[in-house]
């Protein structure tokens with residue numbers, strides 16, 4: 001009996017030590033997740049802006065979108081093959097069952113894939129014609145469009161703080177646009193043959209498509225048991241085919257003359273790899289990041305993009321831009337705060353944890369991570 005009595009306190013101490021270590025590991029993973037999210041968010045936009053503003057002939061953005069989709073599908077195929085311990089027969093059987101046999105599920109992804117392909121092309125157009133910091137701030141309108149589509153299509157409810165944050169978000173973006181429209185930035189863009197209005201329209205349409213696609217995607221995939229990697233393969237198949245169609249329609253003659261890989265420098269390859277693998281990396285990392293951390297990462301990446309743009313592109317930051325960007329940063333953080341629902345927290349925990357799991361999984365599909373949702 002004495003031995004049993006001594007064993008219990010020892011076990012309790014070991015459990016506490018193990019829990020403490022696990023908490024420390026989780027804390028480190030959160031900080032690592034934050035760093036990865038910020039770097040991925042800021043670096044993709046800055047790198048696209050840089051390669052699109054270099055002197056000389058540029059690569060075809062439509063071919064870059066297709067190449068990113070191909071690399072993403074290939075990577076997901078390799079991951080699934082590894083998960084199946086290299087068993088090719090099981091691997092092929094899984095692909096055949098998920099893509100061909102369950103063709104109705106596969107076809108459901110045609111609509112969001114079409115929208116994401118359009119969005120990826122529009123992001124290149126927008127970043128090519130807008131300063132990186134302006135794009136980063138304006139692109140946060142996707143939070144507003146996603147929220148509105150969620151309310152309309154999924155009947156979701158928003159807290160008062162979230163509604164206030166959406167108003168602040170819109171106000172912040174509007175202030176930035178007024179400042180850009182009347183300030184030195186437009187003059188600088190005109191001098192470099194860039195079209196501010198074209199870039200602005202592209203980013204607004206991209207935000208609308210992002211909001212609709214994300215909500216539509218969530219609606220059609222409720223109850224689905226397919227893995228993140230399989231869904232990315234299904235999306236990538238449609239994305240590649242639709243991307244090739246768009247490439248032929250927009251740049252077919254020029255590509256047939258100059259070649260698919262025309263203008264592909266090491267920097268361009270870096271952009272494509274970031275676009276292809278960045279989204280998958282975020283999909284893995286995002287499960288360690290709660291909504292507050294993701295909101296903070298988005299806000300911090302705006303600051304990083306703005307500061308880098310000053311030194312890299314000669315971007316001019318004045319008081320009005322700072323005010324507008326500050327409102328957007330604050331709104332993003334406010335929107336990510338948890339709902340004050342203490343009265344039902346004990347009963348809603350299972351469903352909310354399931355919802356968070358679904359949100360984290362959906363992040364894996366969102367448009368190849370120009371920004372974290």
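Any Cβ shown, glycine's included, is placed from N, Cα and C.
Since the structure is predicted, the reported quantities are computational estimates derived from the model, not experimental observations.
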Can you identify, from 319-337, 338-356, the stretch that TrEMBL calls transmembrane segment? 319-337
Choose the correct range: of 131-156, 261-286, which one does TrEMBL annotate as transmembrane segment? Give that range. 261-286
What range among 3-22, 63-82 does TrEMBL describe as transmembrane segment? 63-82
Under 8 Å, at least 3 Cβ pairs, sequence separation 6 or more: does that hold for the transmembrane segment (31-51) versus the transmembrane segment (293-313)? yes
Candidates 161-179, 229-249, 293-313, 319-337; stretch with most C-beta pairs under 8 Å toward the transmembrane segment (63-82): 229-249
What residues in the same chain, six or more past the boundaries of the transmembrane segment (319-337), come closer than 8 Å to it by Cβ-Cβ distance? 133, 137, 140, 143, 147, 161-162, 164-166, 168-169, 171-176, 178-180, 183, 291-292, 294-296, 298-299, 302-303, 306
